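Feature annotation from TrEMBL assigns domain 'GtrA/DPMS transmembrane' to 28-118. The transmembrane segment feature in TrEMBL is assigned to 29-48, 54-76, 97-115, 121-141.
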């Protein structure tokens, strides 16, 4: 029985290592964005059925889903780039929240532009889905290079511990199994 529990634990650790590996980041991004997209489309549908004007409904749905997207991005997609020190983690969280919302201005405009251009020809939900797809291409680049970027002064310390030096305070980065490469 103990052998089985040990095997399950090893399997779970292997799954965790693969899921949170650098190579799996695009898959995590797709899952995070996909869930945020489903939330946006679901809320858009509810708001339209409640009588909201479609352009306003799309903006509200986008802004709500953006909050979900940020939280999932922070705690799931780029979790390996998070500090573990509580005081610093709060500061990093709010700093990234501001950068995230600054960067989504571009993707919100892109999303809404595609929506407005296409909704006259296709149903609103399809137009919104198209806007989500176009904006997501830009979104990965901005999230990876601006919002959740790896710090330039990140270094590896002997013993396979990865430390992040930010604001002249050292903190251990959560989940370090392999060195991160820049912009991956």
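Just so you know, glycine gets a Cβ as well, placed from its N, Cα and C.
Curation does not apply to TrEMBL; its annotations are automatic.
Model, not experiment: these values are computed from the prediction.
Same-chain neighbours of the transmembrane segment (54-76): 28-29, 31-33, 35-37, 39-41, 43-44, 47-48, 82, 93, 96-97, 100-101, 104, 108, 111-112, 115-116, 119, 124, 128, 131, 143, 147-148, counting only residues six or more beyond its ends whose CB sits under 8 Å from a CB of the stretch. Secondary structure of the domain 'GtrA/DPMS transmembrane' (28-118), assigned with DSSP and counted as helix (H, G, I), strand (E, B) and coil, comes to 82 helix, 1 strand, 8 coil. Long-range contacts of the transmembrane segment (29-48) within the same chain: residues 54, 57-58, 60-62, 64-66, 68-69, 72-73, 76-77, 124-125, 128-129, 132, 136, 139-140, 143, each at least 6 residues beyond the stretch ends and with a Cβ under 8 Å from a Cβ of the stretch.
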